[in-house]
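Beneath this line is the structure, given in structure tokens, with notes to follow.
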Amino acid sequence: MTELRMRGRGADPDSVSGNKEAAGEDRLGLAGGEGDGDRESNAGTPEVPPSTVDNTPQFLNKAVEGLNPRWKNWWIRGVLSLAMISGFFMVIYLGPIMLILVVMTIQIKCFQEIIDIGYRVYHSYELPWFRTLSWYFLICVNYFFYGETLAEYFGALVQREDSLQFLVRYHRFISFTLYLAGFCMFVLSLVKKHYRLQFYMFAWTHVTLLIVVTQSHLVIQNLFEGMIWFIVPISIVICNDIMAYLFGFFFGRTPLIKLSPKKTWEGFIGGFFGTLVCGFILAYLLAQFQYFVCPVEYNSETNRFTADCEPSDIFVMQKYTFPFAVQNILTWKTVNLYPYQIHSVVLSTFASLIGPFGGFFASGFKRAFQIKDFADTIPGHGGIMDRFDCQYLMATFTHVYIASFIRGPNPSKVLQQLLVLQPEQQLSIFNAMRDRLRDRGILPPAAM
Amino acid sequence: MTELRHRGTTENDLQHQQSEDKGSESEGKAEKDGASDSESKPDTGPPGVPVPADDTPEVLNKALSGLSSRWKNWWVRGILTLAMISFFFFIIYLGPMVLMLIVLCVQIKCFQEIIHIGYSVYHSYHLPWFRTLSWYFLLCVNYFFYGETVTDYFSNLVQREEPLRILSKYHRLISFAMYLTGFCMFVLSLVKKHYRLQFYMFGWTHVTLLIVVTQSHLIIHNLFEGMIWFIVPISCVICNDIMAYMFGFFFGRTPLIKLSPKKTWEGFIGGFFSTVVFGILLSYVMAGYSFFVCPVEFNSDRNSFEVDCEPSDLFQLQDYALPAALESLTGWPTLRLYPFQIHSISLSAFASLMGPFGGFFASGFKRAFKIKDFANTIPGHGGIMDRFDCQYLMATFVNVYIASFIRGPNPAKVVQQLLALRLDQQLHIFNSLKTHLTERGLLEEEMWEK
């Protein structure tokens, strides 16, 4: 989460109140002030002119007109937070397809915000081809990732349609060709006086793709594992943001890191424990519903996504015995828990300890390029990237966690790979499997 | 390949004849930098990279001291070219293990060269932690890729040794934890006045890792497919370089692209045809030996690599009927070819058509940052990156080509995933496989259940 700007806490009460300009001036003043310190070291690259348009909707402005600027900002921020959280719940209710579309939309918006900053930093609006190329690379990488996902999870659908089969079989080749076309266009578009700028934008685009696009696809893969693996990590990060802010607001005293002067140790530690508890409770609530717990599958007969299955072991309540020391304190011998709740403790710990580093990284980035927010999409909060900067590390961690501890390889994917092998290889694997299953007693022994 | 610098051909070099020693080389380069100053005006920002000293060995300098500058450069370049090619043959002879080590060394040197340029461009030598962090990230990414390779191809060895098995099972988690540590160190190392520089170096490091490290691992994957998939693509790129240079030297007239003024259309087209011919001949020669053609496997009993197998269909001579037009031309009804030779045509075509774009990209990069060569490692040629800039696209292409057209997934990997599944899932897959094989007629219906 971005550091809490001075808007809500230190703004002068006697500054102009009740109109749009206050928020804009605040941003200008702040950007000028804190940026001065690192201007000397930046040889040459000019700063990004801060955006001054405040796009808070009129009705919100009218509603909070009479209040103090400090509380006005607090209220706008609060209202928008509630609006976003409600939006989140609604999208969950609408199901997996909507979630995938929303993830894709957010990814595109984040990409656009970061590329836009790159344009402003380098004044490269007039560079030939560059916008086209950036969006083209985004399409290529998305095509590659969505193709891999579709091939894995929609295996039955793909087998039916011939044209899809062709696309799947040569998917990597087609993706590579598309990417190469973009690469060649880049080389051909190099213009004599702008080489360095063009290379910078090329690198900027690629790093952005690496961060934003690959991780949004990890989010989608987590989603297919079960909606609970999508909801719980995101909620934990949001909860950590809010808890850390509240604890910091009420008890904050010792600064945490020079990079984000508004973060405090009290907020950090309070957020950690608050998040643990919230994650624990949330996991308990969600683990009971099949809708959240089952892997999302595409039913080719009804052409819909279904989440319908026998819940796996981690979502079945089990008895855990406390160690003696804890037993004496609590006088409970055992406790009924879902194993998933223990996994949620690990997820919460990561979100509280490492998640903030994602936020610090984004703060450092904004200070480096002397911008206040990534964009102005959400009034009171900034851009979409501002809200999602901590989520990225979390998505990768969840994915790696699932792959390492929860599930093995995906059976339908393994079957698919088997079917593509050479017949001799299939036969030898078949025989090896048969012997192995016979040894385990799953198959009846050979009638010999 | 880098564009042919003016070294060998302009009149200016003849003026430097008064000093045949090392000084002439650096003067010539300084003048080059001066010539490129005209494009530096709109680039507000980091000044040019200081030119490194010339380190042609003394022995070569003495041997050639009598010649004119132009021919001296030509000879130095030629001798080094022959030295590199002989070295290439030598390490092929030494086998897969040495090849992998060489690939690793080349990758580390390329990474170092590019990072070094970044340091020079941004004067960021004094940045706290930065060298350590760049090398740490290189280590992490290499650990991740080598771990995946070892898990895929050395599964027997991994299953036997307990510590290796644990490392392999939690490999992704360990790699991710290592990367995160580096990431956190970066965030903690941000210093107030140097934010932008530090972010630039972070981005520079990551893009370099993306280009250099991932593709060197694709080369190693190609190598495991069979040494011919390593040797033929690299040779095609080298041959295209040399042939395009030769054709350009003798027949060159029409410039190809403003970015590299020494490239010509005659060189490009001549290089294309001769590379295709060369590729066909080379594959014919190599496809006959199982040393080159067989997948590299690790024999866990003898703890060594071996290449020993029944060559696949690609490497068996087949008869191809020529179309009637060619028949009447050459008088042969059929042609005996290895199917691999037909694949080599696509590889050569890619090397000739797309490989130069990799070279143009590197030329543009050097012009953008006003450097003449990536480094001075190889006298007469520049740095390792200068020699390998066209190879990167080729390595990715070969890997994608193999995955799409030649083989399916690696059977050992599929078996490994199969064994990791739950038993009921294994049974389900077993039954599906049985149905599939029976339909294909590969299995007779046996008496399964009574």
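Note: Cβ is positioned from N, Cα and C throughout, glycine not excepted.
According to TrEMBL:
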type     : residues  : note
COMPBIAS : B:1-42    : compositional bias 'Basic and acidic residues'
REGION   : B:1-55    : region 'Disordered'
TRANSMEM : B:74-106  : transmembrane segment
TRANSMEM : B:127-146 : transmembrane segment
TRANSMEM : B:173-191 : transmembrane segment
TRANSMEM : B:198-220 : transmembrane segment
TRANSMEM : B:226-247 : transmembrane segment
TRANSMEM : B:268-292 : transmembrane segment
TRANSMEM : B:340-362 : transmembrane segment
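When Cβ distances are compared across the two stretches, the transmembrane segment (B:127-146) makes no contact with the transmembrane segment (B:268-292), since fewer than 3 pairs at least 6 residues apart fall below 8 angstroms.
As a quick check, the transmembrane segment (B:226-247) and the transmembrane segment (B:173-191) miss the bar of 3 or more Cβ pairs under 8 A, pairs 6 or more apart, so the two do not touch. Of the Cβ pairs linking the transmembrane segment (B:198-220) with the transmembrane segment (B:340-362) and spaced 6 or more residues apart, fewer than 3 are under 8 Å, so the two regions do not touch. Long-range contacts of the transmembrane segment (B:173-191) within its own chain (CB-CB distance under 8 A, at least 6 residues past either end) are made by residues 127-130, 133, 136-137, 139-141, 143-144, 147, 167, 198, 202.
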